[in-house]
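Each remark here refers to the structure printed beneath this line.
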Amino acid sequence: MPSLKPDRLPTSPRLWVACTAASLGGLLFGYHVAVLSGVMAFQSFIDCLGESEWLQQTLTALLFVGALIGCQGGGGGRGRPHSATVADVYGRRPALVIASCLLLSGSAVIWVTPSPVAPQGAARIGLVLLLALYRLLCGAGVGLSNAVGPMYISELAPSGYRGSLVFLYQLCITVGILAAQTVNVVYGSGDQVRRVDPVLGGAGMQMQGNWRWPLRWSLLPASLMFFLTTGGYHRLPFVPESPTFLWARGEADWAKRVEQALGIAPSAADATTTAAEEGSVADSPTTSMPVSPDARAPVHPVSDVAPWRTALDEAALRQRLWIGFTLQLFQQLSGINAVLFYSVQIFESLNHHHLGASRASARSQGALRASLSVGVVNVLATLVAAALIDRCGRRRLYLACTPFMVAGLLMLAVSNRPALSGVASVSLGLLGVLLFVFFFAISHGPLAILLASELYPPAQRARASAANISVQMAATLLMGLSFLTLKRHVLGDSGTFMLFALAMSYAEWWIWRYVPETRGDP
């Protein structure tokens, strides 16, 4: 069992620049996840494209269709995740460069969309297709970035601070969500003023492009990510290749140079000399799944990496994949992305009890501001998590926080009961959402990403991490496509959140039974 004593906190500016650049994909992921929820509530968007439930769910889900494309396919039809193929064969840095190109291209598409007030016929179809292309390209970029970014950071970080540095990626996701919600509030206020006050120019031309601006701001971080991943300083890229990958390729001199420039300890990943490290998922006293001692084997040269099907013959890897996949599913079954995708619609539904149907403008603005409070709590909780993760461990945070998430979901379910209305409904619902988001941001949110990079041996880490992200994106896609239907036509508001609460109650038992502690693993 490796020592859990933390290494010295890295102070190299180059290391922090590299980690930040890799984390910008997380910021853009959070931004694209949250921005559309507010934009779809803009009156100018409704006047332009209507309030079709099908269109809302489709545009929401297309981001994750693109993410699945970014995570899967390729590899000459060998069934290997595309991001893993790039990361294994060409390196972590080329994968991040491709991700930045996709994100930059997708963000640029929205700048060329036409600006009619109420398009009809072919113009309407063309606008919808451009929005679909924007979501698909950005989705492919965030899918690739989510698969490679946390893994790249974990390979640069000292083991004692790996959790905190990988949390930088999760922090960027939450900052991206908060940025999107802030932009929505700013532009949403202007949108409503122009809609209801004809003195300012009527409800037509003055608001024609307002809903597009929140979508356009993603071009700034996408451009910064592209610059950092492709640029360099003093003959070394801002985002150099991972030393772990370089050792695997046998490029020892270049690996040592990168380690020296980044100010990190010499790697123990030299594939020609490192012996198999001991480790076992069975370190957890509550798990009944033995894992072979060689489960965390050393990094091998890329040419020696076993084919994916051959690797899956190893029982230890299958067991770890089962754990990783299930944690990704639980992350989505918690309902977090339903809350983030449709936070404005959820709060509008709650406000309807209090404000009534005749005050749609006030309900929309109140919902936008309430969703902004969710973003603030999300960021603050992630900062708390960064301080706790390497002290408390992954497993303990999971077990401590999940019951509070269940409590928040139950409060949200009760707040939607017809018998409860007015201020009590809105207050209880908002408190439930904030409680749920706070404890999610400490546990299931970042830990699912972190364990996707810690559970697996280095030789299979890229492909396994990409497979984890593929499962996460597939589950998120299903959630985005089904939530409004469940909420409005099948289970109702209360029943939908009760279903999420039941799923998380089962998750608490499953995590206690099967999930190991990975803190301090190499």
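Using N, Cα and C of the backbone, Cβ positions are placed for all residues, glycine too.
Taken straight from TrEMBL:
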- 18-519: domain 'Major facilitator superfamily (MFS) profile' (DOMAIN)
- 269-298: region 'Disordered' (REGION)
- 15-42: transmembrane segment (TRANSMEM)
- 54-75: transmembrane segment (TRANSMEM)
- 95-113: transmembrane segment (TRANSMEM)
- 125-147: transmembrane segment (TRANSMEM)
- 167-187: transmembrane segment (TRANSMEM)
- 321-347: transmembrane segment (TRANSMEM)
- 367-389: transmembrane segment (TRANSMEM)
- 396-414: transmembrane segment (TRANSMEM)
- 426-452: transmembrane segment (TRANSMEM)
- 464-484: transmembrane segment (TRANSMEM)
- 496-515: transmembrane segment (TRANSMEM)
Contact call for the transmembrane segment (54-75) and the transmembrane segment (367-389): at least 3 Cβ pairs under 8 Å, seq gap 6+: no
Chain residues in Cβ proximity to the transmembrane segment (15-42) (below 8 Å; excluding those fewer than six residues from its ends, i.e. six or more beyond): 56, 59-60, 63, 96, 99-100, 103, 107, 135, 138-139, 141-142, 144-146, 148-149, 152-153, 156-157, 165, 168-181, 183-185, 187-188, 191, 210-211, 214-215, 217-218, 221-222, 224-225, 228-229, 238-240, 262-264, 337, 340-345, 348, 364, 367-368, 371, 375
Chain residues outside the transmembrane segment (95-113) and at least six past its termini with a C-beta under 8 angstroms from it: 21-22, 24-25, 28, 70, 83, 86-87, 127, 130-131, 133-142, 144-145, 147-149, 152, 212, 215-216, 218-219, 222-223, 225-226, 229-230, 239
For the transmembrane segment (167-187), sequence-distant contacts whose Cβ falls under 8 Å of one of its Cβ atoms, 6 or more beyond its ends: 19-20, 22-35, 37-39, 42, 149-150, 153, 210-211, 213-214, 217, 221, 340, 343-344, 368-369, 371-372, 374-376, 378-379, 381-383, 385-386, 389, 441, 445-446, 449-450
Two-stretch contact, the transmembrane segment (367-389) and the transmembrane segment (496-515), at least three Cβ pairs under 8 Å: no
The transmembrane segment (496-515) touching the transmembrane segment (125-147) per 3+ Cβ pairs under 8 Å rule: no
Contact check, the transmembrane segment (396-414) vs the transmembrane segment (496-515), 3+ Cβ pairs under 8 Å, seq sep 6+: yes
For the transmembrane segment (496-515), distant same-chain residues with Cβ under 8 A (at least six beyond the ends): 284, 286-289, 323, 326-327, 330, 333-335, 338, 394-395, 398-399, 402-403, 405-406, 409-410, 412-413, 416, 451, 483, 486-487, 490
